[in-house]
Amino acid sequence: MAAMSVISFTSLASAGVSELRGKHMQYSKFWNFNSSQKSAEKKQQIPQLSGRTGMLILYAPAFLAALSCLLFFPHHSTRHLLLSSALTLHFLKRLLEVQFVHSYSGGMSIDTAIPISLSYFLSTATMIYGQNLTQGLPEPPIDLKEPGILLFLIGISGNFYHHCILSKMRSKGDKEYKIPKGGLFELVICPHYFFEIMGFVGVSCISQTLYAFSFAMGTALYLTGRSCATRKWYLSKFKEFPQTVKALIPYVL
């Protein structure tokens, strides 16, 4: 579990650094970003998915893993039950958003979808397995379950709210990006990432295991890099983009 914690944190942090350096995961607004002719030709040889299908592949395995653990595995503690429930709810929400909320402007290549899907699946399974290994061990001296539940609920609610704002910016068939307005978009360009980080911090507080904390920290670093890259993208695309709007944390970053 210690090795998996290091691997999870390092891989996610490395992905965040890659985003800052301009080497982006090829989905959303970074689909086909700065593709050279050679890379474009190579991409044509790789199976391409629609945005919706790609996103379903990203989240479905992790949801099924969490749901299976919730329904079919014994829960030796309230903490174990809460963790399985939180992860199931998180990925169920994501699947419902993929089907009924998100608007799509591009696709996703299979070589992007599979690694991300495996990452979510393995992280979910490992987090629950790590919680199972705590059976029989004393509870942490400081119980963070209740603050964790609060952070998780605020996180998924804020994430959903800002996803809804993004989806309402486009009319049916419109694939053009616009500067988001409303909610915390007045202060940061990626409030949905801010709340996603909050949600995973909440999950780590519910779990209180090394792996859960390492995954939450790694996710925070990756989404920080992605947020900074997103702000840079908006600055390059829209001359009227407000300089006061930060990437992720209001007034700070």
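From the backbone N, Cα and C atoms, a Cβ is placed for every residue, glycine too.
All TrEMBL annotations are machine predictions without curation.
What TrEMBL lists as transmembrane segment is 56-73 (among others).
Positions annotated as domain '3-oxo-5-alpha-steroid 4-dehydrogenase C-terminal' by TrEMBL: 148-253. Break the domain '3-oxo-5-alpha-steroid 4-dehydrogenase C-terminal' (148-253) down by DSSP state and the numbers are 69 helix, 2 strand, 35 coil.
According to TrEMBL, the feature transmembrane segment maps to 210-229 (among others).
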Summarise the model's confidence over the domain '3-oxo-5-alpha-steroid 4-dehydrogenase C-terminal' (148-253) as a mean pLDDT value. 93
